[in-house]
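Please read the structure below before turning to the comments.
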């Protein structure tokens, strides 16, 4: 098993020193993730590309998933690599691998070459293509729009026969840009905006303003953990939770109805700015889009921005909602967002779309800012990798089992893609598949006289979901950890 990783082209327009630094960071990121998830997989930096190889196909799917979801990679080539003696040896190797593919088909050979050789790329294409045409009678050469394109690369003394192309994520390697703090709510917008900055090379930390209790926080942690685990697990990332209910209560009591929405957003930004300052983070990220709600008009956004000296980034500012949802679907956060509880304790009957500075300041003069400072001081921060540990500590009554008791049902709560890649089958045991994001709505329809053992690959999601179900009054759930 061998993959050739092509870095994003923007990296190569940088200066030599920056290019080397970026590719070195990319190599390190790939190595960290692969070492955490697989065994005996080697990573090598070859200046203009990175090679990832192993002696077996045991971790093929895991490695391919890692490479196609790691920022900074333009494409991933799956190759068969070998040495060669001369042109004829190359032809014979290509014939052995491609004979069956081109039978009764039209084909063309496309070659790239780098290094010192006694032949050109065009001569290589002609020699190999002509040989294949003579050796496979049912095949014929067609230079434009053929059925099969045989792609080969000769690099110094190595022949790479390209078996498949896989599109990479693009962007810059994680850690090449400065850290950001994302104001995450778990909905469509904040998940996509966080992803876009991860893709661009920033370590994105997460700040959650809790307005809806533990169930909402569990859901948001799932989204943040998913984004980190899938796209940025080479980095150490913080998750900060701020209990904002006291702030909301103060706004409801002290602020005039029409100004509540903008004042709440200003409080969010003040608090996020304090958190960012504590961790020396220069910019905040939000999922706001222009005109989406009353607090997101240009006038109101300007009044919101002035309360902090941190740069506020809004990557979705001109996006339509359907565009945002499409990206959420592509990156895997749509199902989280669809089932995320929407909490907002500040709902104005007639929210202002064009706030006035003097009126906002007059309303905020009634607000007790000691409350805001207190909730920020009491904010809970954790390493995002410790979400599994926290869920276990928060719910010690959630039992974990290795053996399956009689009549128990195993609930495979992995996503459909994960379940398809590695179906869970246990002899003599009933296994049901309900994705984690449907548990909240479908678990109550199950036979509650039975015990259900929740299963996921790493035990993180199963613990969080077990905690959530127990909070909803279901005591017939355990975590299955074979």
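Positions of Cβ are set from backbone N, Cα and C atoms, glycine also.
Annotated in Swiss-Prot:
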- 61-165: domain 'THUMP' (DOMAIN)
- 183, 184, 265, 287, 296: ATP binding site (BINDING)
- 344-456: disulfide bond (DISULFID)
- 404-482: domain 'Rhodanese' (DOMAIN)
- 456: active site, cysteine persulfide intermediate (ACT_SITE)
Protein Cβ atoms within 10 Å of residue 287 (ATP binding site), excluding its own: 24
Sequence-distant neighbours of residue 184 (ATP binding site) in its chain (C-beta under 8 A, six or more apart): 190, 191, 194, 206, 207, 208, 220, 223, 224
Integer Å distance between the CA atoms belonging to residue 456 (disulfide bond) and residue 296 (ATP binding site): 39
Between residue 456 (disulfide bond) and residue 265 (ATP binding site): CA-CA distance (Å): 37
Mean predicted confidence [pLDDT] for the domain 'Rhodanese' (404-482): 84
For ATP, whose listed binding residues are 183, 184, 265, 287, 296, the greatest C-alpha pairwise distance in Å: 16
Helix, strand or coil at residue 296 (ATP binding site) [DSSP, three-state]: helix
